[in-house]
There are 2 protein chains.
Amino acid sequence: MKINKIEGTVSLRRSLDQGTEVQRKAVLNVIEHVKEAGDNALFTYTEKWDGAKLSTLKVSKAEIEQAYQDISPQIIPIIHEAAENIRNFHQKQVKQSWLSTKQDGTILGQQVTALDAVGVYVPGGKAAYPSSVLMNVIPAQVAGVERIAMVSPPASDGSLPTGVLVAADILGVEEIYKVGGAQAIAALAYGTETIKAVDKIVGPGNIFVALAKKEVYGMVDIDSIAGPSEIVVLADDTAKANEIAADLLSQAEHDERASSVLVTTSELLAEAVKVEVEKQLVDLPRESIARAALEEYGAIYITSSMKEALHVVNELAPEHLEVMTAEPMNLLPYIKHAGAIFLGRYSSEPIGDYFAGPNHVLPTNGTARFSSGLSVDEFIKKSSIVMYSEQALIDSVDKIAAFARLEGLEAHARAVESRFK
Amino acid sequence: MKINKIEGTVSLRRSLDQGTEVQRKAVLNVIEHVKEAGDNALFTYTEKWDGAKLSTLKVSKAEIEQAYQDISPQIIPIIHEAAENIRNFHQKQVKQSWLSTKQDGTILGQQVTALDAVGVYVPGGKAAYPSSVLMNVIPAQVAGVERIAMVSPPASDGSLPTGVLVAADILGVEEIYKVGGAQAIAALAYGTETIKAVDKIVGPGNIFVALAKKEVYGMVDIDSIAGPSEIVVLADDTAKANEIAADLLSQAEHDERASSVLVTTSELLAEAVKVEVEKQLVDLPRESIARAALEEYGAIYITSSMKEALHVVNELAPEHLEVMTAEPMNLLPYIKHAGAIFLGRYSSEPIGDYFAGPNHVLPTNGTARFSSGLSVDEFIKKSSIVMYSEQALIDSVDKIAAFARLEGLEAHARAVESRFK
């Protein structure tokens, strides 16, 4: 990892794959085909791209039972406990409807309702994470979404990963379909004979999934399109180099495009972390991925003050921020932009990936400047409520009519005036 | 207007202009040009498309003072009162940060912070509505956004509409720029010499503005892209035909693509509304627009029961819903999808456009199934907070490590384990 002293502003080097025009056209074709041919198109693409010749899309009870046989039994209570932690945290995000009455008898308010149906995309192969199932399904369930349809590309033998099936079953997900890629997104957006259309699609995927989500947005809602994972560690000289190095590596092993950055006021610590990273890299199973990520997107920045360090952190607006300083909680008010903030040395970032409770679906690529992690809020909507009293309308009819006429909308003025004719 | 009896499902005929590939390419060119040439590109496009040869982009204090001279003086206190109502309603949406402590000493929570900078697009010409200024700026201000930059295309004499300038000044908006179209969106997203980049862009615009917003999404956040305005009136035989007709017309006069629909259990009322609409159309200044909208997108549906009527309303998921029944509040729990709900005969929809307090930026085209009107929530973000105690990590380190290894992420496991080495 390179060590840099800060001069002027800093911007995190990040990788964002927007896809090519060729990929976009291919995705548009897939969507059109699924709209026309429904399930048949799904079977065709699944054979073509996943190498699996299926006769049904829906995962059967027998397959779920088999997954429980195949999974390591000690992991099951851990998934249960993680799910409970995640559910407890998200329960705190539940928003209530409210009504407020004014003296003139007017009632104003907001009615909160859940989305009817949500689709959850779970990537296949090595990126098939049971934790993704938990993090995407639980907020929807807590919000009160009645129907959740999960889709995931099968292996060539037609199977889905055991961990994904068990996690989904633990949460009570009843619709799991063996289909992935742009064709799965099209099915969720437009519906087929087997898969009914949903109102929103969430979950990570490859570039074809991302492009398909972008295309169907408007027809259905989508979550944000995530870039590679990122961590920024903010540390002073009280932090331990081996712990910081381990945390930086845990992010770097995700993906060759992942970004791991240390921002510190301590030159000594910077040097020590650099050495530790090399030391710990050596026997890491995913060493080559982590090494590539650190070389391309890793960095160590030394700042002359904690104030400057905080400025750098806010400029970077990282997905994950660890604060390893003497009094981490004291710095919280100065942190403006970060998806998730981990305070103190016992808050190693991976506890947030699986277990602590907050969501691990977080804004990447600096979008923490304007967006938030996945939460219950993304699965509800708010209808505003207006119930004017007669007196309230008497008092305001002339003002409303005048405002409408200022905007040249005579029928608006006449509508409010019609009540007193 | 046509009267239909309901058979099976119903879907609202709506108009959604997605733009053409030619328009999209034109927008991409504009964005590239603004990125390269900055202010110069803005001057060029403003002369080319708005016919205004400008030497500065920013509205001056003298121009604001002139706007106060030109506007009808009695409208000023009305704008003030509307702004106060809107501010009061949005204050109720403010979300607090929270921290929650567990028995093992762990602290979990959410930190709520405002976006740093927001751009507000205000359309020009006849669609330059002062109410749009109020509805887009106030939620951002209530959220705590420090910098608000407004853009609007000038007339050929280089001026902006007086109502827009006065409304902006009343709210204390200090940055107003004379630039519109895709070039304004590009300037807000990427920044120029004069206009600093923002984090989010809101406000309605034509198809070029909509396409530009779609293109810059990801670099900045955007609000949803609105379709034409819609109203559904749900009424029983206690409602007054002339009032319903007036409200349907207030929506229809907006735009030839606006949609006005009555859903009623009363055949008598249906017939009476049809007659009233014709009667009131005759001397409406925007008669031809309203007539075109009603012919193409208007409808009256008669249902055999209120239950069926509610089903139709939820299928339509309208932007605006008026409930004109004997006991409108009793129906509220059965309304699942609507942008704003107006209850009772004194809640004529235009009171929501200007004055009542709730936002008039609402989900169109059936997107009320999954989205909400503009609110304070759109101008904040939530960072999750995790501060694990030593005891909490001791208790869970093995579980977290096991979960990480289930997902094949060894460095994740080692990161949490590193705390006890």
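Just so you know, glycine gets a Cβ as well, placed from its N, Cα and C.
Those TrEMBL annotations? Automatic predictions, nothing curated.
Quick caveat, the model's predicted, so the values are computed rather than measured.
Of the residues A:D157, A:D169, A:D199, A:D353, TrEMBL places A:D353 in the same substrate site as A:S229, A:Q251, A:H254, A:H320, A:E407, A:H412. Using a 10 Å Cα-Cα cut-off from A:E319 (active site, proton acceptor), the binding-site residues that qualify among A:Q183, A:S229, A:E407, A:H412 are A:S229. In terms of Cα distance, none of the recorded positions chosen from A:H254, A:H320, A:E407, A:H412 sits within 10 Å of A:N206 (NAD(+) binding site).
A:H320 (active site, proton acceptor) is 10 Å away from A:D353 (substrate binding site) when you measure Cα to Cα. If you take the Cα of A:H412 (substrate binding site) and the Cα of A:Q183 (NAD(+) binding site), they are about 45 angstrom apart, rounded to a whole number. In sequence order, the recorded positions near chain B, meaning those of A:Y121, A:Q183, A:E319, A:D353 whose CB lies under 8 Å from a CB of that chain, are A:D353. Taking every pair among A:S229, A:Q251, A:H254, A:H320, A:D353, A:E407, A:H412, the residues recorded as binding substrate, the greatest CA to CA distance is 56 Å. Between A:H254 (substrate binding site) and A:Y121 (NAD(+) binding site), the C-alpha separation comes to 19 Å.
Neighbours of the NAD(+) site: apart from A:Y121, A:Q183, A:N206, residues of the same chain with C-beta atoms within 8 angstroms of the site's C-beta centroid are A:P123, A:V151, A:P153, A:G180, A:G181, A:A182, A:A184, A:I185, A:G205, A:F208, A:V209, A:A212. Taking the Cα of A:H320 (active site, proton acceptor) as the reference point, the closest of the binding-site residues A:Q183, A:S229, A:E407 is A:S229.
Between the C-alpha atoms of A:E407 (substrate binding site) and A:Q183 (NAD(+) binding site), the distance comes to 46 Å.
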